[in-house]
Amino acid sequence: GVTTRSAPPPEFVEVHWWPPVAPWIKVNTDGSATGAPGTIAAGGVFRDNWNVVRGCFHFKGGSGFAFEAELLAVISAIQIAHNRGWHKLWIEADSTYVISILNSRSLNVPWRFKAAWNRILKMLDAFSLQVSHIFREGNKAADLMANQQRSEGWWPHEIEEIRAAVRLDMASHSHLRQKRRLDLGMEVVECSRRWHIPGCFALSHEMMQENSSIHLGVSPTNLADANVSPCPEGEDQAPHAVRFSVHPVTLKFEDVWYSIEIESRQGGMSRTIVSGVSGTARPGELLAMLGPSGSGKTTLLTALGGRLPGKITGSITYNGQALSSGMKRRTGFVAQDDALYPHLTVLETLTYAALLKLPSSLTRREKAEQAEMVAAELGLTRCGNSIIGGPLLRGISGGERKRVSIGQEMLVNPSLLLLDEPTSGLDSTTAHRIVATLRCLARGGRTVVTTIHQPSTRLFRMFHKLVVLSEGSPIYSGAAAPAMDYFASIGYEPGFNFVNPADFLLDLANGVTPDPRHEDDDENHGKQEHHLDDLQSTKQFLIYSYKKNLQPLLKEEIRQQDQHNSRKSSLSSSRCSDNQWTNNWWLQLKVLLSRGLKERKHESYSGLRMFQVISVSIISGLLWWHSDANHIQDQVGLLFFFSIFWGFFPLFNAIFVFPLERPIIVRERSSGMYRLSSYYIARMVGDLPMELVLPTIFMTITYWMGGLKPSLLTFALTLAVVLLNVLVAQSLGLALGAVLMDVKQATTLSSVLMLVFLLVSGYYIQHIPMFIDWLRYISFSQYCYRLLVGVQYSENEVYECGFGSGSCRAYDFPAIKYLHIHNMALDVAALVLMLVGYRVLTYVALRLGHQR
């Protein structure tokens, strides 16, 4: 338990704890509780001359956990004192173990929490610390202090309700069912608002995670007013097991402008997308951006997430500061389109995202448990083992896909959650569940901002704040509830009582309005007519009314919030880590490789593709069935077919890779999940077994059926040449797809290139004009064809010419002679150089494309 007395100066905070020694439950006036083994409760009051923050903790464990509970109370006091910017800390405890920990600064915690404990020690180093030991005989001293504090008259009247709450049977009350595991092996039960205790908060397990700077989920200044209780079961049809945010963020955007340059016949022109939008969103609030299509909602949301290229004018701050790398990691962004791998299950998708997003200090098992927790939090447990699915693959429903996308961002317990039209394409019931989930997540101390298109009435009532845009300009920004009253006050109200407020606001944003009120003796009405005459449009009048009536109030609110958060922001910024990545390069590579193999095996080894390769190999083998060695023209034709088929096939398959994966790459890279280099290497390594198995099967069937040289060495060399050709062709396809990022353009260009490579390979034409002869040197098919012929026929090998002319050298055969097979090492070097060059070009194209 933690409390302060009147003796120390205001900048001190005092820490006290009394362990459970009595065989019954007893609640002390400082909020601590004692009881029989199996029930340990702790609570406290953090008090100074300006604020009173009451906290209640409820632990379930044996009496042996007394010192752990005391240590957690001490840690929580350290956090609050640190967050308030105090410089002195006075801690009293009766546990000699806790005293020794504070004095020696050493604690035998699990290795995965070492970094978190080190941050606690850094907080302690910032204080002028005084630690003293006290001894309490049972609860006698506690009772004496209770009487003293009662006489001082400052202890709240809720003490009896706390006493009653501690006596509750946890198994029989729904508001005590949801547990959070702490680092010390204990279980904390979240306090509910049903206890009617102002400022009741819970400790979440994120306090001790690697990516946490360890402070309470709600700031002390507004804790008593914040609605941070978990969503009760069944409320709003949303999941009730919701974690609390450990980094509450107040988002403020003031006079935001954004323009783009567009090309036209008259020359370059500038088009304004967002025009002077302002607003605020605090922890616990759900802010909705409403407006017709093309009004700038997505652009503004992208700007708030720090993902908008180009220059943005105006001010966008997070707890009073500009966007930092630490803040970006604590921001979740859910795009309108759900970019997910179709063949992974829901739990696999969340687990792989957890392995990449969560810090390396957590074990793989702990990250998997975090993914399971998020799935339960979003109501995805039932479909956890179902595949995501896609346009041609049946999977989970659209609402479940959207919740999976939200779950990927919720893994890091973001402080700020941004969503772009999460209800688009969903039925009304599913849309309501999505918005209910967002509202429930906001109750955990998060700031949630979403764009939405045509919400229903019951969805509109779930928004705390609202921003309405018309052609990029705001016509309303503020609380959602009084929006209709505001528009009625300036002369616009619906013609009948039962109307969806969202529909009415969208009509206004489009300039479609009911007739204004006509009251000749109304002074405001005269002003309205004057404004309408001057501005000549309803939209302009609404924008003018916003600037006159709402914008000054917003700016004043933003200024007050800036003053309030200035000190807290400077403290929080000092604790933000500048490290861009939560995991090292090697760990990212392993996770991405595992995910890629699991996803692409379904595509690479699909029944259709297997049928295609095996059927072509059998047909080819039958066509060249045991061809005679003397029929050299037939065998050379088979070798040329090898080079052409395994040039076209991998190239056209590789073209689709990056254009189709681009939305996933952009989303994951924007959220800082991994480095581009780790993704690219994992993709290249993972492609090897996927791309080389099918040509191996093909060659094994066709080579021996086709009657080529019956030598294992020759077969192995032929297979090696074909596999090298496959890798080069695939590299060219990847490069074309990465450079163009358009399937149609890449397909057209690749078909032209392969046709040229086919013609200049030396099979169809041997005498190419000099001015175009250079095309032969950029054709990988030519090098592959020459290598295949060179492996199959040695320089001194002969064949029967026929017509009694005896034997002839194979190298004198016209189809071979004009290939000029002299140094096969140069052909191998040329293919390897192309392989490396195309791969490097692909990476550079991806890097430049991501920057754009």
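Even glycines carry a Cβ here, placed using N, Cα and C.
All annotation found in TrEMBL is predicted automatically rather than curated by experts.
According to TrEMBL, the features are:
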- 21-151: domain 'RNase H type-1' (DOMAIN)
- 251-496: domain 'ABC transporter' (DOMAIN)
- 510-531: region 'Disordered' (REGION)
- 515-531: compositional bias 'Basic and acidic residues' (COMPBIAS)
- 559-578: region 'Disordered' (REGION)
- 568-577: compositional bias 'Low complexity' (COMPBIAS)
- 638-660: transmembrane segment (TRANSMEM)
- 680-706: transmembrane segment (TRANSMEM)
- 712-739: transmembrane segment (TRANSMEM)
- 746-765: transmembrane segment (TRANSMEM)
- 828-846: transmembrane segment (TRANSMEM)
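Across the domain 'RNase H type-1' (21-151), mean pLDDT in this model comes to 52.
Within the chain, the transmembrane segment (828-846) has long-range Cβ neighbours (under 8 A, six or more residues past its boundaries) at 658, 665, 676-677, 680, 684, 724-725, 727-728, 731-732, 734-735, 738-739, 777, 780, 783-784, 787.
Residues of the same chain lying 6 or more positions beyond the ends of the transmembrane segment (680-706) and with a Cβ under 8 Å from any Cβ of it are 588-589, 592-593, 596-597, 600-601, 604-605, 609-610, 613-614, 616-618, 620-622, 624-627, 635, 638, 642, 646, 650, 657, 715, 718-719, 722-723, 726-727, 730, 839, 842-843, 846. Beyond the transmembrane segment (746-765), the same-chain residues lying 6 or more positions past its ends with a Cβ under 8 Å from any Cβ of the stretch are 636-637, 640, 643-644, 647-648, 651-652, 655, 659, 732-733, 736-737, 740, 775-776, 778-782, 785-786, 815, 818-819.
With a threshold of 8 Å between CB atoms, the same-chain residues lying at least 6 positions outside the transmembrane segment (712-739) that come near it are 642-643, 646-659, 687, 691-692, 695-696, 699, 703-704, 746, 749-750, 753, 780-781, 784, 787-788, 791-792, 828, 831-832, 834-835, 838-839, 841-842, 845-846, 849.
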